[in-house]
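> Sharing a structure with you now.
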Amino acid sequence: MLQGKLRRSSLKAKLLVSFVIVLILPSIVIGWTSYQQAKTNFNETILQSAEDNVKILNNVINKEIDSKKVDAVYFTKLFNGVSYGTDQLQNVQNKLEEYNKLHPEIEAIYTGSSTGQFIQSPSIQMPDGYNPTERDWYKEAAKKSGEVVITAPYKSSTTGNIVITIAKQNEDKSGVLGIDLIINDIVNTSKMVNIGKTGFVAIFDQSKHVIAHPTMKPGDKIEEKVEKELYKQETGDFKFKLDGDDRNITFITNKQTGWKIAGIMPSKEIIEAANPIFYKTLTVIGISLIIGGVLIYFIIASIISPLKQLVISSKKISEGDLTETITVHSKDEIGQLGESFNEMAASLHHVISNINTSASHVAASSEELTASMKQTSEATEQITQAIEQVSSGAEIQTKEVEEGATLLEGVTEGIQRVADSSSLVSTASMYTKKKAEDGGKLVEQTVNQMQLIHESVSQSDKVIVLLDDKSKQIGAILEVIQHIAEQTNLLALNAAIEAARAGEQGRGFAIVADEVRKLAEQSGQSSTEIGKLVKEIQFDIKETVSSMKQVGTEVQSGLVVANETKQSFAEILKSTDDTVVQIDNMVDVAKQMTVDARQVSASINEIAATIEENAASVQNIAGSSEEQLASVDEINAAAVHLSQMAEELQEMIGKFKV
């Protein structure tokens, strides 16, 4: 169905659809690809930012814990079984208090012996029956002898701070040292980390509870769907929904504590970050479509306009107007088609003109042939009649000779008939003379008409020479315009340089100067193109001058031929006059022969035998004359048919305007 519509559509519609598809589809693909690429880039950038922030927070945690692990190792080397003796307890207490004063980030530092002794700074009264060996921190450190143990975060019962205990068994296994590290600084640091606009960092312990979160409280249980992905691997990223919004999360696991440090950000921020690029892309596509649409309009117009002109001219030629031509403005395929069309029209014009001329000549020749054949037919018929009469006379003369009485009268009658035939020939000669005079007048009119044509050709030659001079003046004016355009371009360039030197104050002037320079360049280019056209016109004028000179020469030759024809008709007329005089003389002689016929009576007997022989020959001649008359009639009929065909051909050619 679509293919059928395209076949019925105009060339303009087909070109428009093709250009629109070529323009819009790549623009949409490029725009959509750019938008998706921007989203991907922003997503990677934000994820990278989240990973960097998570790593920074992980390093902060490691730094805090590492320093306390070093301190714990130091004290476990310092304290031993002797340190828990009664005389050394105060010394241990002093060292712990000194350390506590130097490290405000800790809540307490303490040590417990395997015998149940417990020393702490700051010093507080422990409940009765308190035995450090029964505490989790002591058991875990003793269980992992030689390693530093870090407990899960918990809330201090005395201060309410969130703390972790860093514990290590003494080297001699006489006791365990513990440092309660306040992690409020770590929590506060995590709250200060921003990912994107509304993203944040959260910390979860190894028991899947919240340590730090902007909206959840420490100790809260995390959601099961998040927990499942978060604790499935050491590091990674995934997406989940929170309060109906898509969130991206990237996380790592702190190797010392087992905590999960996660960077969480809304997915809509990626879209919002990519939207400006999307809108800019839409704007660029819109502008491109507008500019492309304008260009497409002019391109299609440059194709369709000459084709429409070609269709109109073709229709005129099909209707018989062979003078129609089209103006060619380009050298592309359409321009070549236009030139070929003009060449075809010129060739057809030349062919029809030649056929018309030939048809006229054939018609004239056929008419002349018809007239000549008619005259020949009449003359032949007269000769046949005369021969028949001579034959009859010969028979009569033969009979009269045989009878011997009526011979002289028969001869006299025959001579009288010859005189009558001579009179008829004289009449035909007078008719021929009249036709020759008419032909002479027609030739004289032709000579006059050829003279008028010669004068018109001479006048056209003068006009074309004047047009050549005018085209040369136009060429000189175009050179001046091109020189002015070059000077304007140079001035615009100088103005742009001065405007650039003026800085921001000359920026507007620089734009104007640049536009002037562009206009100057366009003027120069246009004047150059016009110059080319003027040169082509001058070349065509020279060709026309040469052709007009050739036409003048041909017209002059025609005048010479026409004058010669006129002279020939004059000679024919003179010859006809001479013939008429001779025929008149022949008539007079025939009359004289009638008078003298009686004088030849004595000779009739001698020629009687000869007359009998001639009678048979006359019969043969009469038969041949009749056959010749039939042939002349056939030629005459063919000439008439040829004349009719020539007239029909002229009528057909007359439909064409040449």
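Every residue number used here counts from 1 along the chain in the order it is shown.
Keep in mind that glycine also has a Cβ here, set from the backbone N, Cα and C atoms.
Since this is a predicted model, take the numbers as computed values, not measurements.
Positions annotated as coiled coil by Swiss-Prot, on the basis of sequence analysis: 44-109. Summarising the annotation, Swiss-Prot assigns domain 'Cache' to 150-221. The domain 'HAMP' annotation in Swiss-Prot covers 301-353 and rests on sequence analysis. For 372-622, the entry in Swiss-Prot reads domain 'Methyl-accepting transducer'. Feature annotation from Swiss-Prot assigns glutamate methyl ester (Glu) to GLU368, GLU627, GLU634. Annotation comment: Swiss-Prot describes GLN592 as glutamate methyl ester (Gln), evidence class similarity to another entry. According to Swiss-Prot, the feature topological domain 'Cytoplasmic' maps to 1-14, 305-658, an assignment based on sequence analysis. Per Swiss-Prot, the feature topological domain 'Extracellular' maps to 36-283. Annotation source Swiss-Prot lists transmembrane segment at 15-35, 284-304, citing sequence analysis.
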> Quick one: what's DSSP say for GLU368 (glutamate methyl ester (Glu)), helix, strand or coil?
helix
> Within the domain 'HAMP' (301-353), how many residues are helix, strand or coil going by DSSP?
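Output for the domain 'HAMP' (301-353) reads 39 helix, 1 strand, 13 coil.
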> When the Cα-Cα distance from GLN592 (glutamate methyl ester (Gln)) is computed for each of the modified residues GLU368, GLU627, GLU634, which gives the smallest value?
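Answer for the nearest of the modified residues: GLU627.
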> Cα distance, GLU634 (glutamate methyl ester (Glu)) to GLU368 (glutamate methyl ester (Glu)), nearest Å?
16
> Tally every other Cβ atom lying within 10 Å of the Cβ atom of GLN592 (glutamate methyl ester (Gln)).
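Looking across every protein chain shown, the total is 12.
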> According to DSSP, how is the domain 'Cache' (150-221) divided among helix, strand and coil residues?
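Breakdown, helix to coil: 9 helix, 31 strand, 32 coil.
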> Using the alpha carbons only, what distance in Å do you get between GLU634 (glutamate methyl ester (Glu)) and GLU627 (glutamate methyl ester (Glu)) once rounded?
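If we compare the Cα positions of GLU634 (glutamate methyl ester (Glu)) and GLU627 (glutamate methyl ester (Glu)), the gap is 11 Å.
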> I want to check the contact list for GLU627 (glutamate methyl ester (Glu)): same chain, sequence separation of six or more, C-beta distance under 8 angstroms. What comes out?
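Non-local contacts for GLU627 (glutamate methyl ester (Glu)): none found.
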